[in-house]
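Taken straight from Swiss-Prot:
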- Lys200: active site, schiff-base intermediate with substrate (ACT_SITE)
- Lys253: active site, schiff-base intermediate with substrate (ACT_SITE)
- Arg210, Lys222: 5-aminolevulinate 1 binding site (BINDING)
- Glu238: Mg(2+) binding site (BINDING)
- Ser279, Tyr318: 5-aminolevulinate 2 binding site (BINDING)
Amino acid sequence: MSQLDLLNIVHRPRRLRRTAALRNLVQENTLTVNDLVFPLFVMPGTNAVEEVSSMPGSFRFTIDRAVEECKELYDLGIQGIDLFGIPEQKTEDGSEAYNDNGILQQAIRAIKKAVPELCIMTDVALDPFTPFGHDGLVKDGIILNDETVEVLQKMAVSHAEAGADFVSPSDMMDGRIGAIREALDETDHSDVGILSYAAKYASSFYGPFRDALHSAPQFGDKSTYQMNPANTEEAMKEVELDIVEGADIVMVKPGLAYLDIVWRTKERFDVPVAIYHVSGEYAMVKAAAAKGWIDEDRVMMESLLCMKRAGADIIFTYYAKEAAKKLR
């Protein structure tokens, strides 16, 4: 009798993998189009679209073209966008960030008028709005915290006035969530939510995004306010503080390299958890696919599903359109 004849295997996991139908029936996690948010870059001008050179397939849009893009996104079933603006001018005081006729404020009004059902989230940070490329105001090479928070309050309120459904502070200044919540409530915008970039790491995966937004730091790096990639418990502290201060949704950023942080956040806190599939992660897939080294569609869908499996309720991704088409 051969060795194989002697096997007495009661539990054979492969039974449940034998056919596609069986695999689908026992699948534990499912990605849907409702999970996706599309980051949208808006620039000055009219009737123009520019491809971001370091992010093939990702574009900057003038407001009129952004409106058309949002109509297409909503038709695909995508429920939300996150708006990022490229201002016509940058100032040291960041005042363009809260200009009622600024790039983001105009975009919010136009998109909300054209696609009122779409959830509009807006980035709240100063890096595109000052010449320094940092998320806060700068004095003598130092990124100021409390002074920055005052500007962020004005920025968030201006977005709410324009029609934003959620503001998304990505700046990582201490105390900004509580301050923004207070400012929104005091200006009769208690229905406007806050999606906090709660655990945002000082990552090397952000390079192409800064290219897209023309917002690379002009000196130093962001390690004095963004988190050390080596730290886990610090992330839990940041998340807890933001929840206590009034965050409705918390985010972990970047994505794939920080799935352990997503899982810990979801296990520890009873709030919706978002994840950002960031520009560097997107660009790496694009580059490898262009070389023919990987199947882009399969890697895209696997990456997004893994984020869902780790505990993400919401996934910000530049692949939202492509994924939505696959999921239809």
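Cβ coordinates are placed from backbone N, Cα and C, and glycine is handled just like the others.
Since this is a predicted model, take the numbers as computed values, not measurements.
Overlay of Swiss-Prot annotations on the structure.
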residue : record                                               : Cβ within 10 Å
Lys200  : active site, schiff-base intermediate with substrate : 26
Arg210  : 5-aminolevulinate 1 binding site                     : 16
Lys222  : 5-aminolevulinate 1 binding site                     : 21
Glu238  : Mg(2+) binding site                                  : 22
Lys253  : active site, schiff-base intermediate with substrate : 24
Ser279  : 5-aminolevulinate 2 binding site                     : 24
Tyr318  : 5-aminolevulinate 2 binding site                     : 29
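For Arg210 (5-aminolevulinate 1 binding site), the nearest neighbour among the recorded positions Lys200, Glu238, Ser279, Tyr318, judged by Cα separation, is Ser279. Tyr318 (5-aminolevulinate 2 binding site) falls outside any helix or strand according to DSSP and counts as coil. Of all the recorded positions listed here (Lys200, Lys222, Lys253, Ser279), Lys200 has the Cα closest to the Cα of Glu238 (Mg(2+) binding site). Cα-Cα distances to Tyr318 (5-aminolevulinate 2 binding site) place none of the recorded positions Lys200, Lys222, Lys253 within 10 Å. For Lys253 (active site, schiff-base intermediate with substrate), the nearest of the recorded positions by C-alpha distance turns out to be Lys200; the candidates were Lys200, Lys222, Ser279.
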